[in-house]
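Engineer: One structure, pasted below without further comment.
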Amino acid sequence: MSELPVVSIFTDGACSGNPGPGGWGAILRFGDKEKELKGGEPHTTNNRMELMAAISALEALKKSCQVELYTDSQYVRQGITGWIHGWKRNGWKTADKKPVKNAELWQRLDAALKPHKINWHWVKGHAGHPENERADQLARDGVAMARMQKNVRS
């Protein structure tokens, strides 16, 4: 079996108001090739946009990959590496039997990572990490797009 191609993904989400217009951005890097993705929604939350950044990046991959995914969202990293296992066992309920917030996005993220081997990395936001800063700018572009129209993606 050949080794999986290694792809680095850098994601970020942003929201103007919480809830409010929001955007997400992602950078996918394979060797010396890069692809930028961004999108937004007119009425959303910062956590939903953080999830959409990771989902959209993973869904853009056309074959199984070894993914190094970098996010400044503890919500996404802790959710996907820890909390999700209990949620699935509990029928998408929290430990105190309440419905999981953003369950449909967590389920979509769970499905999007199935074909891949993923290492999740947390980076401190707004701390000068070049790719995180670029993903943040893409997310802010997504907010601007969302203010102008309905749900958008490019």
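Glycine is treated like the rest: Cβ placed from N, Cα and C.
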Engineer: Among ASP72, ASP96, which is the one Swiss-Prot gives for the Mg(2+) 1 site where ASP12, GLU50 also bind?
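Structural biologist: According to Swiss-Prot, the candidate sharing the Mg(2+) 1 site with ASP12, GLU50 is ASP72.
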Engineer: Most Cβ neighbours within 10 Å: which of the binding-site residues ASP12, GLU50, ASP72, ASP136 is it?
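Structural biologist: In terms of Cβ crowding, the pick is ASP12.
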